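Asks: After the structure tokens below, expect a handful of questions from me.
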Amino acid sequence: MSTGWLRGVVKEVVSGDTLVIAGTNKCPGPAPEKRITLASLIAPKLGKRDGSSKDEPFAWDSREFLRKKCIGQACVFRVDYVVEAIGNREFGSVFLNQQDNVAIAVVSNGWAKIRVGKEQSPYLEELTRAQEAAQSAGLGLWSKDPQRTARAVRETVGQEDDAANALLTRVGKGGMVDVVVEAVLGGSSMRVTLLPTGSVSLVVNLAGVQCPSMGRKAVAEAAPVREDAGATATAAAVVAAPTAASIAASSAAEPFSREAKAFTEARVLNRDVKLVLEGVDKYGNLFGTVLYMRPAVLPGSAAPPDPAPGEQEHLAEQLLKEGLAKCVEWSLGLMASSAALRLRDVEKAAKAERKCIWYNYVPAPTNQTKLSDNFTGKVIEVVSGDCLVIKDAANGAERRVNLSSIRAPRPPARDRNGEAWASEAKEFLRKCVIGRPVEVKMEYNRKVMTPEMMLAGDGERTMAFGNVELIPEKGEEKQNVSEKVVARGFATVIKHRTDEERSCVYERLMACEELAKSSKRGVHSAKEPPANRVNDVSTPGSAARAKQYLPFFQRAGKMTGVVEYVLGGHRLRVHVPKEGVTIVFAPSGIKTPSRPQPAANGKPAVQGEPFAEEAFAFTRETMMQRDVELTVDTMDRGGTFLGTVVLVPQQQQQGGGSAARPFNLALALLSKGLARLQPNVDPSRLPDGSEMVRLQQAAKEQRLKIWESWTPEMDREEGSGDEGDASGPSTASTAVAS
């Protein structure tokens, strides 16, 4: 028996007269502990958890007094005597701050009585005086009020099968309750009692994480008792050795399980904590988030006192941070997206540092590569609801950017039908970003191999993913493109693996998705998307069908359309929503240089004319997927409608026009030296004929593009071909096919 004074920290308060004190451990692992019952005292006994026995009067109050006074406090203690008859139980004296005798404090407040026995506390006289004062004052156990004594018996209720569901129904998901942690079953599992009554006890698992298992021990089975064995044998059944089945069902503790349990015990055991209810699984297990106040001194730790105690900490997050737990998807799904993302990030950092359970962690091979490329540019094409083509402002290169961490419905392809809401997602994104200046932060690359690529024998394709934000115009705020698409319900957020790169705004994307789900927007709606029926007369061989629309278009005057594709420098494929038709359209009276054509259908390849690609790039940048106004004058033999095309007023600035004069494609091409007037067309018969002549002459005199080698003598040469031939059947068919 030790007679010297020892130092430690109160780790647990078992009852109103018994404490568990943890010593200091400078080595890894749990610290040594000693269970001390206050010498010469006896406190009321707590009832059993299963409700088979009730508390003695004031038992709960007695335990709570001692717990609140001592838990987590540094102390000095000494074992005064040991009683072998009751399992070598150690009785001793405990002092807080080396001068506050815990036993005297308990007796002074009336929460324990003096036990008269063979062995006595060295402070028996002080205890006797304290008890007499408490008794005369009617404190605690010495209360003279029968009603108070009756109320002092806590009604303990064993955990019922539906207790977790009942609590969740009463408080609600995300609700917070005050609890005291009665026992730590493992690093991520504990038994708690609801405050302030202390009548309901529940087992709680930390949501989103899982600590190494403590294992299962072989269970010893009780031997059967004969009916004539008597009361003595019935009261104390003979214990048999573990069976083979129980040994087989047992399992060893996993590495770092003891460390995880000790970590949790040091921070929350017997402490008041906040429990945020996250959900209940199909087996009735309660999952929650435990928030605790950072203790000044940790039981078993040799570290100096924390200089900033009292700050609230997240238990699951701290376990992950120390490498004592891992994220588990099946309970992460119960949490708010922002909280789940935070836990994943903390786990990722612990993996990188190879802490504890990650000591031998090797990153899994991934098809992703992190990027750190930032640029500004202008959106010139929307490929789908999550893919853009952006022209880099620095070098003019077109870059295909997929929006990070989201997936929109796939549009139709040659060998597959489009997914539901694909056209609506693409149209929504087009209206938001086409022609707008943007800031792009490239985040990661991913190598993909589609079934179509495998059948074709192609190699892997690398897709670049980034975060795109609209550069705000006057009076606007900066807007994130991915957030707009997800919030509108036209894309879902990708559930990344823990080791995968993701969007820098992933947390906000998850919040937007929750909003879209709750509002039942887009892909989250139970309704079918509207039917999208289009009569396409822009394909080769559709001239006869296209001609049926000519009289309607001529009578309609100005029509609104959307440029779906740029076929050449002056040829567009335009969808006219009002008529539900897609046509090929070209401005009257002009012709741009012809682009090169590959050999096809027995026809030889055709070389491109100078500046054909420049004309195509200009038209693509200014007209691709823009809202336009069309005026149809006539149609050529190849089924191409001819007339005037301008950008709608709200897109004039993006396309290069002004409020005074709409952006006219024909005039713009002529002014840039990228088109010429048809020699067999009388400009005076065109709506802007005189302006077209003036712009072409100015381009000639400045020797722009196709006029770089122009001389006045060339104007005297007779041009060849007419407008109909220039856009005749063979030319139209070739352009559409390209």
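Here the Cβ of each residue, glycine as well, is placed from N, Cα and C on the backbone.
Note that TrEMBL annotation is computational and uncurated.
Taken from TrEMBL, the feature domain 'TNase-like' covers 4-144, 175-360, 373-526, 557-709. Taken from TrEMBL, the feature region 'Disordered' covers 521-540, 707-738.
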Asks: What does the DSSP secondary structure composition of the region 'Disordered' (521-540) look like, as residue counts for helix, strand and coil?
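Replies: Its residues fall into 3 helix, 2 strand, 15 coil.
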Asks: Average the pLDDT scores across the domain 'TNase-like' (557-709) and report the rounded value.
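Replies: The predicted confidence over the domain 'TNase-like' (557-709), as a mean pLDDT, is 89.
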Asks: How many of the residues that make up the domain 'TNase-like' (4-144) does DSSP mark as helix, as strand and as coil?
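Replies: Counts, helix then strand then coil: 39 helix, 45 strand, 57 coil.
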